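A short write-up of the structure that comes next.
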């Protein structure tokens, strides 16, 4: 997801003395309040701090706590949903409650619970302070409510006869039923753990012999029932290894998806949540009957790659229009195929699109076998790319400039929409102006949303890389303060800052359109 920080506005100068006194009194009043173990509420969310935290744990069987920072944009975005979820849970008399801790003020609590990013949500059960459970649900009100309900109640419905089980199986498009000879055994307990986490699916459990027989089972098995593709998928429990919760979760995620998904606002969470390592994309215009018919070959190829490659249809005139720039495409390029390797956003395409099932299968297998080179985006170099102090690099010119053995090249990799890149733009221009007459130093920049490199993966914006002169194709990542003087020291010292420890600065996450069929990292 794209990281966006909502910084507090700059402090206004010129307050008179009276205002300062009032501010100090308010601060003292707040400090006095904090010393009490009284638990106050805001919109049904418990306001927690060092002095009332233990009391909150003792009074509430299930307590989901958000550790936040007041300036954090994601925290501000979550706040209304968190409050709405707290209200819903309270209205239904659930044993689950929600609380919040300002981790920037309550540093002892933040340290105790290892809070390193915001917001962080942790579930405390039965007053246990030492082993809170990390929140794994969706960051919206319904996601929070469903996750807490699943934690509070039985995670799976007990099915006791064939009629009840048949009705349960047919009640939704997708249900999971665990068949276990012993519901108190380790395999069944592992199943309940998975059910408690996967709140977007409905789980049942059965141990009656007649139910094993009715569904053709002889040993402990988890069954996924669907109203699409194959109707029943069985995952037998290995008698030696038992039931691995992570593996079962992965299998259920994979097999709960349709063999061929259509990319929409409703399916995007499923598509990325399954964490399938490759996505094969068919871009087409759904208003064209001729292009729609290409789905037959696409579907024919999909069956052999389930779990390894997810096949997705993208309508270039619908929800998919927003993702086209990510691939350097326009709607006029449809129909066309692309394969994306999710770990690094590498994109692959056929030399010439062929939409037959056999051709698609051959292409996908060749990519998986490492026999196809990635297709790299590159903008055209501007005519004046090397006349200004900051040299403008693109994919096709990067190699000759960055790895010029006679130059020390300092490159900023940026995204046009990134506020942190915009904030340091003036410093980068000033640096380039300062060194424009140095024959052996080049200050450059590259828009990484429009240009890709084969051997360099950009994991955040801005990223600064220094390419020293000489042989060996060396690359040094700059990780210190982003100001002109520190940049200059770095350059004058040959690409190092020996006397200054690295400073952690916020960077934007890798570029991708919101909810697009490619990963953000």
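Numbering starts at 1 and runs along the chain as displayed.
Heads up, the Cβ atoms here are built off N, Cα and C, so glycines get one too.
Feature annotations, courtesy of TrEMBL:
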- 3-153: domain 'Thioredoxin' (DOMAIN)
- 72-75: disulfide bond (DISULFID)
- 354-496: domain 'Thioredoxin' (DOMAIN)
- 418-421: disulfide bond (DISULFID)
- 490-521: region 'Disordered' (REGION)
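In this structure, the C-alpha atom of residue 72 (disulfide bond) lies 16 angstrom from that of residue 418 (disulfide bond). Spacing of residue 421 (disulfide bond) relative to residue 75 (disulfide bond) is 22 Å (Cα to Cα, whole number). Looking at residue 418 (disulfide bond) and residue 75 (disulfide bond), their Cα atoms lie 19 Å from each other. Same-chain residues at least 6 positions away in sequence with a Cβ under 8 Å from that of residue 75 (disulfide bond) are, in sequence order, 66, 68, 69, 118, 119.
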